[in-house]
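Right, one structure below, let's go through it.
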Amino acid sequence: MKFDDLRDFIGQLEERGLLKRIKQEIDPHLEMTEISDRTLRAGGPALLFENPKGFDTPVLTNLFGTTQRVALAMGQDDVAALKEVGKWLAYLKEPEPPKGIKSLWEKLPIFKQVLNMPTKKVRSPACQQVIMEGDDVDLTKLPIMTCWPGDVAPLITWGLTITKGPYKKRQNLGIYRQQLLGKNKIIMRWLSHRGGALDFREWQEVNPGKPFPVSVALGADPATILGAVTPIPDTLSEYAFAGLLRGSRTKVAKSISNDLDIPATAEIILEGYLQPGEEAPEGPYGDHTGYYNEVDDFQVMTVTHVTHRENPIYLSTYTGRPPDEPSILGVALNEIFVPILQKQFPEIVDFYLPPEGCSYRMAVVSIKKSYPGHAKRVMFGIWSFLRQFMYTKFIIVCDDDVNVRDWNDVIWAITTRMDPSRDTTLVDNTPIDYLDFASPVSGLGSKMGMDATNKWAGESDREWGTPILMDKKVKEKIDDLWQDLDILS
């Protein structure tokens, strides 16, 4: 199913009973977070707050609060079907020419979808129906949520930040949180390895001291939003991937104050620049770890223009101890990771990022083990293959008889197939999430790999245990008798 814009998606969710309109007056300061959090933990609907206290603009939260809604936003019926999206990305990351008629036929759906990758330019976009600039710009009029009692200021959480470096043809779209500083100032909190930060550094190399143009889209269509959080190849534009997801070309328009392309159907657009050297302390904020983060200096964005649709909707979220919206997205995106990893490492059977691990800090993987040391190869392969796993602190590798999504199975494998000294690999001085205060140095820490596989000759000199399995014929006989025995009724 295709969704041309956020409003189209809202309408479809409402028809399915997956969106609830809140007509009571609710304060964006803390109250919306509490309602959204209770709703998400109960597996409830997306929420449209129609009467935010002190503001005229309605607020949409919990949009991706269930894996079902994430799948729908990606044009799929359920989360399991997202593996097909992963297969597209695996192919686009390392394309192979068809090896015959059968191969051509199998790849035909991908080739057809590629036609939707180029963007479509729009001259009079909906996102520029209302234009404000200069003294008319006032970000304090937006119902920006303050999510937790210790948060220093209101925080923009779903800002789709658009940048372009001097060396790349494509633009970068990334989601970075943005602290409200004043009427026309926000802090751009991006980590040094993220696309926007890389573009900014390269810009300063070529244009020292000159302002760096930036546009921020709030409330883009769901395919474009999810394109910015999906592990696409570095050479692929998020707009192009959104076209693949949507099944139609992404509509973009030129920003008013710069040459950046913005989502034409977005609800609200912020345009402006980063002046090199202008920084401000960011935070503290409650984050997806369940803790408040440290205060650190980040670049300040000066907003020169605000454009929006008539009667815009403000898209927002909160982050906190899982489950929250980022962790739900992580569960859904997990299905996309599996085919990408399997293309590089065919021995991988399954891969799982437990949501309790704050989306990416722990991974459990099962493999068809083929030789001594195989588990260690897979550990280092995962850490280095995709940028998303640079910050994964713990990787547990199991055999293919272990269900990596069942902690009962995983803990059994750890406790019966591991020796803590022999089967634990520690790596020092590796990149770690800036928000990880447990690391000894900000942004730098260690990683642990755990080999919970059966050990082969060369890995252990002892006779290895054989798992207990019931005789197959006995199981079949009892299967036939089970209902008649009437034991559990």
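The backbone N, Cα and C atoms fix where each Cβ goes, glycine too.
Features reported for this protein in Swiss-Prot:
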| type | residues | note |
| --- | --- | --- |
| ACT_SITE | Asp287 | active site, proton donor |
| BINDING | Asn172, Glu238 | Mn(2+) binding site |
| BINDING | Ile175, Tyr176, Arg177, Arg189, Trp190, Leu191, Arg194, Gly195 | prenylated FMN binding site |
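Shown on the structure are the features that Swiss-Prot records.
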residue	record	contacts (Cβ under 8 Å, 6+ apart)
Asn172	Mn(2+) binding site	Ile162, Thr163, Lys164, Gly165, Gly195, Gly196, Leu198, Asp199, Glu238
Ile175	prenylated FMN binding site	Trp158, Gly159, Leu160, Thr161, Ile225, Ala228, Val229
Tyr176	prenylated FMN binding site	Gly159, Thr161, Met188, Arg189, Trp190, Arg194, Gly196
Arg177	prenylated FMN binding site	Leu155, Ile156, Thr157, Gly159, Arg189, Tyr285
Leu191	prenylated FMN binding site	Ala197, Asp433, Tyr434
Asp287	active site, proton donor	Asn293, Thr319, Gly320, Leu435
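Neighbours of Gly195 (prenylated FMN binding site), defined as other CB atoms within 10 A of its CB across all chains, total 23. Each of the binding-site residues Arg189, Arg194 was scored by other CB atoms within 10 A of its CB, and the lowest score goes to Arg194. For the prenylated FMN site, whose annotated binding residues are Ile175, Tyr176, Arg177, Arg189, Trp190, Leu191, Arg194, Gly195, the maximal Cα to Cα separation is 14 Å. Counting Cβ atoms from all protein chains shown, Glu238 (Mn(2+) binding site) has 25 others lying within 10 Å of its own Cβ. Summarising the environment of Trp190 (prenylated FMN binding site), the number of other Cβ atoms within 10 Å of its Cβ, over all protein chains shown, is 21. Apart from Ile175, Tyr176, Arg177, Arg189, Trp190, Leu191, Arg194, Gly195, the prenylated FMN site neighbourhood in this chain, defined by C-beta within 8 angstroms of the site C-beta centre, holds Thr161, Gly174, Met188, Gly196, Ala197. DSSP assigns Gly195 (prenylated FMN binding site) to a helix. Arg189 (prenylated FMN binding site) falls outside any helix or strand according to DSSP and counts as coil. Classification of Arg177 (prenylated FMN binding site) by DSSP places it in coil, neither helical nor stranded.
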